[in-house]
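Please read the structure below before turning to the comments.
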Amino acid sequence: MERDNGGKPPPPPPAPAPAPAWRHGAVTYFHLLFYIVISGGQIFFNKWVLSSKEINFPYPVALTLLHMVFSSVVCFAITKVFKIIKIEEGMTTDIYISSVIPIGAMFAMTLWLGNSAYLYISVAFAQMLKAIMPVAVFLLGAAFGLEEMSYKMLAIMSVISVGVIVASVGEITISWVGVVYQMGGVVAEALRLIFIEIFLKKKGVKLNLISMMYYVSPCSALCLFIPWLFLEKPKMDDSVSWNFPPFTLFLNCLCTFVLNMSVFLVISRTSALTARVTGVVRDWSVVLLSAAIFADTQLTFINIIGYAIAIAGVVAYNNHKLAKTQANPQQGNENKEICALAFVGLPSSFVSLDYNSLFFPLIREDILYNDMLKVKITRYHHTCTIVAQNGGSTPYS
């Protein structure tokens, strides 16, 4: 028999007991460690696939094309077959042609040229050259009217450039073909970031991670299919020595997709500063480990000094961008979304360039403090729940 409560609404259910602080910290550190391992491992995996004698698959366009096809299939299955995640609305034919296709084309160029560089230069040297990415982003952003010139930024760009030049001078066996490939990949990636910023700021379309991959991956696959058809397919038809076991192929593609998810986890659980430190640790780990793993890597003292100078400039660049974000919260939110989408599908060695992201449209949890009130916000597809210390729960959108 139900008890009459005088017409009053039933009391809200008690809030679940908060997880111990050590457990939250342990989970966060696990995500950071997992990101370092999977991102560094994917660099070595691609290098091994492209240069190992066991597989003998020196076809970077084909490898990147396989990654994009795999990503397209998985995103289609997640959104259309199993319907785990809903595709964000707002995409039109005009926006797709004017924005998504340029982003997809530059993404394809980034992956193609970046992977091609591994055929000519060592992993460590490629990592050092990629440190110049903020310079390319800043200069192209200024050309498109998205960045403002200042003496401080010019000084930071000069430090990064000097560091990369010193690291290049210290390279024992330098291949200028590999350098051209790598720098071409840097320019293509910088253009992709510019197009993403224009896409979000001027077009006003907000996409989550899976939605962005859903739209961009097929476009990138098509852009890669054309050069593969004319440049690499004839070589693959003539050669009978290459071998790419299906299990190795599947594992390589899966690792690339998991890397994207790990970037999402890191950004969704940590701060910009933590992500920066993680990126620097990962970069140095890749440089040092590659010297121990690959025979074509010989680090010199000048290499290390030059790379240290470049990394110092990158850290200064990130701190400067973070200061601007904190000074202008509205611009900061835009930058966070730009950086979040910029990470989609990138080779892991590119994702340390600008960690302003504290936002992801898929899932977000924060602990916020307002005077004596502690609230927990959980965001999922823009629907949030606030849980206060008193046990009350208030959903909002």
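Including glycine, each Cβ sits where the backbone N, Cα and C put it.
Note: TrEMBL annotation is automatic and uncurated.
So that you can see what the record holds, here are the features copied from TrEMBL:
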type	residues	note
TRANSMEM	26-45	transmembrane segment
DOMAIN	32-318	domain 'Sugar phosphate transporter'
TRANSMEM	57-82	transmembrane segment
TRANSMEM	94-113	transmembrane segment
TRANSMEM	119-146	transmembrane segment
TRANSMEM	153-174	transmembrane segment
TRANSMEM	180-200	transmembrane segment
TRANSMEM	212-231	transmembrane segment
TRANSMEM	247-267	transmembrane segment
TRANSMEM	279-295	transmembrane segment
TRANSMEM	301-318	transmembrane segment
Touch test for the transmembrane segment (279-295) and the transmembrane segment (26-45), at least 3 Cβ pairs under 8 Å: yes
Contact check, the transmembrane segment (94-113) vs the transmembrane segment (247-267), 3+ Cβ pairs under 8 Å, seq sep 6+: no
Dominant neighbour of the transmembrane segment (57-82) in 26-45, 119-146, 153-174, 212-231, 301-318, by Cβ pairs under 8 Å: 212-231
The transmembrane segment (119-146) touching the transmembrane segment (247-267) per 3+ Cβ pairs under 8 Å rule: no
Chain residues outside the transmembrane segment (153-174) and at least six past its termini with a C-beta under 8 angstroms from it: 121, 125, 128-129, 131-132, 134-135, 138-139, 147, 296, 298, 300-314, 316-317, 320
